[in-house]
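Working notes, structure below.
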């Protein structure tokens, strides 16, 4: 009995030690540095244009008057401002389209590093536009910054999913969402009148973009490339082993190397799958559909509409106009706290409850917000309920829908399919983003406060789809996740392997023999990989 208790105690102790070992210093530094120069900048550029909007429009008008001798008319000024804001999404779409060949040729880490060329170029163009007297530089900088965001929102989740152990893959994947929220909050803080939210200082808001880029360029080169990329695409076992050792903080990584190679033992070589090939692959059909649905709902769920209404709702609640920018910080703070909470609990609760629960709560709060906005002039306390609903919708979004779609895209697909999958996800993400920016003013104009019912319907549809289709992926390998989708894809597991890995297949004994020989010799043979 004593031995049994001692054995159980040892097992628990080993489990705790293993959990601690998963979070090595190098893994933490790589995820924080990668996200700070990538998803942080995406979030920052979402919010940074809000505070100086009045001053930028004034700059547009003065530039126009200096060039043509007369003031720009209101409709043209509105058009120029709309282009400045929405062209960021067009740049993002371009970045999402070109990311696949870049990550294939340069690797995940090098793509993140090279992407800083876009960020620094954009920062210089936008920060110097006032000095030069060219609003075209600001618009060009926004589209280049969009390209940077489009690349980073695919390359970063790919890198994080490939360097993390499966036990903490979800938590590490949520770093992308956390830094988006931190970026939004930072943009709000720096936009305050006491800092850069003044007519003479607004260019500094865009110049600040250089700081995260330089930090990433200084630190990231000292960290390894994705071990999966090195092993499966570059066929470099020695470098992959060193990368695993650095990220996992241990010397014996033979189990991790074998686990990665198990994904590709039956294929003759790892070739990059095109988007068309991925869409034609029956074995991943429902995985692709699920990525499209989650990414579509991520942008179409109405969070952008919430930002649009925030100032009006705060004003209706009796908050002083000068105080509103400070109160708005509460939305960024709630967003950040909710994203961090999600990162802490995702490996305990799983992806399904957070995604479905997040969308479900948004449906409830959108419905309540619609009622409170419609009746707020008749009942004096209803504006405060509207403020609560806004904060609750933001929190509900960030605990699940705000980051998990990026995690799922990394988990659903094998190495050769992942770049194409992220290209599809990125394309849906940016097209949906652009559609919301383009159509929301018309929806809001036609439906007024009832426009939130449209978003409630989208959230409900997303939650219903995920409830019936999405399997739990927590702590599961690619093989196990494929198995969960096999029945819905109407293929046997054997057929899935044939779909994933075309060509002649070796016997298990031969594969095992070749694999052992490869690891012993310190090199990976193309016959396996």
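Glycine too: its Cβ is placed from the backbone N, Cα and C atoms.
According to TrEMBL, the features are:
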| type | residues | note |
| --- | --- | --- |
| COMPBIAS | 510-522 | compositional bias 'Polar residues' |
| DOMAIN | 31-474 | domain 'Major facilitator superfamily (MFS) profile' |
| REGION | 501-529 | region 'Disordered' |
| TRANSMEM | 21-42 | transmembrane segment |
| TRANSMEM | 79-100 | transmembrane segment |
| TRANSMEM | 112-133 | transmembrane segment |
| TRANSMEM | 139-160 | transmembrane segment |
| TRANSMEM | 172-190 | transmembrane segment |
| TRANSMEM | 202-223 | transmembrane segment |
| TRANSMEM | 288-309 | transmembrane segment |
| TRANSMEM | 324-346 | transmembrane segment |
| TRANSMEM | 353-375 | transmembrane segment |
| TRANSMEM | 381-408 | transmembrane segment |
| TRANSMEM | 420-441 | transmembrane segment |
| TRANSMEM | 447-470 | transmembrane segment |
Fill in the blank from the handout: Per the Cβ under 8 Å criterion, with at least 6 residues separating them from its ends, the transmembrane segment (381-408) contacts 153, 157, 161, 169-170, 173-174, 176-178, 180-181, 290-291, 294-295, 297-298, 301-303, 306, 309-310, 313-314, 316-318, 330-331, 334-339, 341-343, 346, 351, 354-359, 361-362, 365-366, 368-369, 372-373, 375, 425, 462, 470, 473
Exercise for the section: Taking the transmembrane segment (112-133) as the first stretch and the transmembrane segment (21-42) as the second, find out whether 3 or more Cβ pairs fall under 8 Å, excluding pairs closer than 6 in sequence. Expected result: yes
Fill in the blank from the handout: For the transmembrane segment (139-160), the candidate among 21-42, 353-375, 447-470 having the most Cβ pairs under 8 Å is 21-42
Exercise for the section: Take a look at 21-42, 79-100, 172-190, 420-441, 447-470 and tell me which one has the most Cβ pairs under 8 Å to the transmembrane segment (324-346). Expected result: 172-190
Exercise for the section: Kindly say whether the transmembrane segment (21-42) and the transmembrane segment (172-190) touch, using the definition of 3 or more Cβ pairs under 8 Å where each pair is 6 or more positions apart. Expected result: yes
Practice task
Determine which recorded stretch among 79-100, 353-375, 447-470 has the most C-beta pairs below 8 angstroms with the transmembrane segment (420-441).
Solution key: 79-100
Practice task
For the transmembrane segment (447-470), find every same-chain residue at least 6 residues outside the stretch whose CB is under 8 Å from a CB in it, and list them.
Solution key: 286, 289-290, 293-294, 296-297, 300-302, 305, 351-352, 355-356, 359-360, 362-363, 366-367, 369-370, 373-374, 401, 408, 440, 488
